[in-house]
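Below: one structure, written as C-alpha cells.
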C-alpha cells in the first residue's frame, strides 16, 4: 500500500499554512512524490473562495479588526468560510491521477470521512445534496472546499469540534442563509479531544484513499521545500 505523509501542525496562522501548502503542491507538480495530509487549526480568519462576494461578510471591517479576524482570498471553490481555534482543518495534497480519482469522487470521500469521524465522536451526521460538507439535521458541522492545480489538490475540509460559533454570525457561511453552524461539543454535550479527533479523521481518510499513514515533521517538510526535492 502506498503511503501518505501526515503532518500535524497544531495552531498555525493562515498565511503560513497557505505558504506551506502551496510550496508542497508546487513540489508535487514537479514530479512524482508522496501524498500529503496536513492537520491543523488556525487563529480566527475568513477565507474567500472563488465565488465569494464582499456581501458574504456581514461584519464591518472595524469589527473584524477588533475581533482579530483576518480576511484572505484563496483559490479554493466555494464562498466565504470561517476558521478558528477549536476547528479541525485537514488539507489533503493529493495527486488525483495517481490515485485514479476525479474531484467529485474526492469530495464524496471527504464527506464519508466526515460522517465516519462524527460517528466515532458520538454524533450522527448527515449530508445535504448539492452542499458539500457534513450536517446535524439542518445545522452545519463541517465544510469542504477543494482546489485542483495541475492534478494536485489543495485546501480541504474543516470540522467544528468546539470553535467560537459567534464568529460564524459575522458571515453568510458558504452562502447558506438560515442554516446555522453547530459543533461536535454542542451536539454531543461532551468535550472533544482535538488530538483524538485528528487521529480518527486521518484514519478514516487514509482507509478510503487506500493509503498507509506515515508521520511527518515540519522540519522534514521544510527541508524538502528548501532542497527542491522529496526526501
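We number each residue from 1, going along the chain as drawn.
Every residue, even glycine, has its Cβ placed from backbone N, Cα and C.
Just so you know, TrEMBL annotations never went through curation; they're auto-generated.
According to TrEMBL, the feature domain 'BPL/LPL catalytic' maps to 31-213.
The substrate binding site annotation in TrEMBL covers 76, 77, 78, 79, 80, 81, 82, 83, 143, 144, 145, 156, 157, 158. Every protein chain shown contributes to the tally, and the Cβ of residue 145 (substrate binding site) ends up with 23 other Cβ atoms within 10 Å. Following the DSSP three-state reduction, the secondary structure of residue 145 (substrate binding site) is strand.
What TrEMBL records for 140 is site 'Lowers pKa of active site Cys'. In this structure, residue 140 (site 'Lowers pKa of active site Cys') is part of a beta strand by DSSP.
Residues annotated as active site, acyl-thioester intermediate in TrEMBL: 174.
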